[in-house]
Amino acid sequence: MRQEWVAPRRGQANVSQMHYARQGIITEEMTYVAKRENLSPELIRSEIARGRLIIPANINHLNLEPMAIGIASKCKVNANIGASPNSSNINEELEKLHLAVKYGADTVMDLSTGGGNLDEIRTAIINASPVPIGTVPIYQAVESVHGNIEKLTPEDFLHIIEKHAGQGVDYMTIHAGILIEHLPLVKTRLTGIVSRGGGIIAKWMLHHHKQNPLYTHFDEIIEIFKRYDVSFSLGDSLRPGCTHDASDAAQLAELKTLGQLTRRAWEHDVQVMVEGPGHVPMDQIEFNVKKQMEECSEAPFYVLGPLVTDIAPGYDHITSAIGAALAGWYGTAMLCYVTPKEHLGLPNAEDVRNGLIAYKIAAHAADIARHRPGARDRDDELSIARYNFDWNRQFQLSLDPDRAKEYHDETLPADIYKTAEFCSMCGPKFCPMQTKVDADAITELEKFLASQNQDNLTPV
């Protein structure tokens with residue numbers, strides 16, 4: 001599909017969607033996204049031009065089905081996958097990718113740090129993925145120097161970033177916002193720096209007593225991104241790792257820098273979204289979303305969670321989905337899922353499923369709350385099917401049809417029960433939805449009530 005779209009653009013100095021949007025050009029990707037979002041192509045173009053919406057679409061990711069991330073579009077969900085030195089391999093990661101796409105992931109990030117040849121893993125994932133792929137290139141940079149962070153050079157970072165761009169990565173987390181002057185601000189934290197990429201950059205700066213090389217070489221990264229239409233996902237290296245640390249001076253200092261970098265990228269027509277926390281109490285979530293919009297000139301916000309409490313290891317897909325729903329309601333554009341394994345280990349396929357469904361619920365709830373066009377249509381369809389005891393239609397409309405059917409069939413497995421007017425909760429005699437209040441009955445009742453009211457008005 002995209003082969004024909006991108007062919008005329010190849011060799012141009014800037015092939016970004018923002019570059020075309022600012023020239024008044026509606027690209028094929030914009031038209032495609034407009035249909036998916038039930039919005040006009042001109043609205044999509046104008047939102048991209050002003051930086052409030054991005055279409056992450058590397059010109060080398062040819063099997064991509066373009067999608068939008070921004071406040072005008074539906075709230076999106078990202079799923080993280082990736083092999084580690086201690087667990088997983090390329091086949092397991094491809095299984096996770098297929099599962100993530102099956103259950104509705106809008107984008108997928110490959111966070112591989114080991115488990116095989118990172119280039120082969122990444123290429124296989126991109127070639128198999130119809131959704132945008134994001135990466136964190138700093139991980140491979142560290143792997144290239146065998147974990148000796150202090151040996152990394154700016155050229156090492158730029159080489160890996162160019163490699164990822166050439167392979168077709170649609171967006172990259174770039175940890176350019178953490179500055180050497182920010183590091184003293186973390187000393188009052190309970191959990192310090194919890195971003196892997198942020199920790200790597202912090203260690204490098206502490207060793208060399210030099211400024212963040214991703215910050216000092218930001219313009220060179222921009223030039224790479226222009227050539228391939230890679231979108232920035234500006235990493236929040238100083239995101240809070242516990243609710244105690246939320247909204248502190250370190251987080252907000254970096255956020256201000258991220259806003260400056262956003263506008264710098266926009267000067268070159270490069271698309272940007274900004275990453276956010278993390279661990280945030282419920283009463284601080286609105287502040288965090290509004291503060292990001294203010295500091296980053298309304299660039300799309302992409303948050304991890306946030307978790308609203310720290311005491312539920314094994315259930316952090318729930319603690320974070322609560323925060324994610326609120327963040328989406330307040331205007332966050334994309335939610336990065338959290339699995340039940342968060343803080344405990346590398347997620348397996350079932351963890352990916354559970355985390356993703358929790359976040360699809362959160363994103364959908366946010367769409368309903370923000371009154372996005374058509375957001376509640378599926379809910380209404382399912383409610384009608386439920387009222388009519390159309391079990392198969394209910395399963396079909398569910399976010400996880402397999403799970404819905406599995407739970408129903410645990411107690412009523414026979415096909416005959418797919419037409420039954422009850423489930424095992426209430427049984428055949430106590431289901432309230434069996435009480436069908438039809439139009440004729442209502443008409444008779446209204447006549448009766450009217451007569452009663454008339455009698456009450458009659459003088460004694």
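The backbone N, Cα and C atoms fix where each Cβ goes, glycine too.
Swiss-Prot annotates Asn80, Met109, His175, Ser195, Arg196, Gly197, Asp236, Ser237, Leu238, Arg239, Glu275, Tyr302 as substrate-binding residues; of Tyr139, Tyr315, Tyr330, the candidate listed for that same site is Tyr139. The binding-site residues listed here are Cys423, Cys426, Cys431; among them, Cys423 has the most other Cβ atoms within 10 Å of its own Cβ. Taking Cα separation as the measure, Arg239 (substrate binding site) is nearest to His279 of the binding-site residues His279, His343, Cys423, Cys426, Cys431. Annotated pair His343 (Zn(2+) binding site) and Ser195 (substrate binding site), C-alpha to C-alpha distance, rounded: 12 Å. Remark: of the binding-site residues Arg239, His343, the most isolated position is His343 (fewest other Cβ atoms within 10 Å of its Cβ). The closest partner of Gly197 (substrate binding site) among the binding-site residues, by CA position, is His279; the full candidate set was His279, Cys423, Cys426.
In sequence order, His175, Gly235, Asp236, Ser237, Leu238, Arg239 make up the list of same-chain residues 6 or more apart from Ser195 (substrate binding site) whose Cβ falls under 8 Å from its Cβ.
Once Cβ contacts within 10 Å are tallied over all protein chains shown, the binding-site residues Asn80, Ser237 are led by Ser237.
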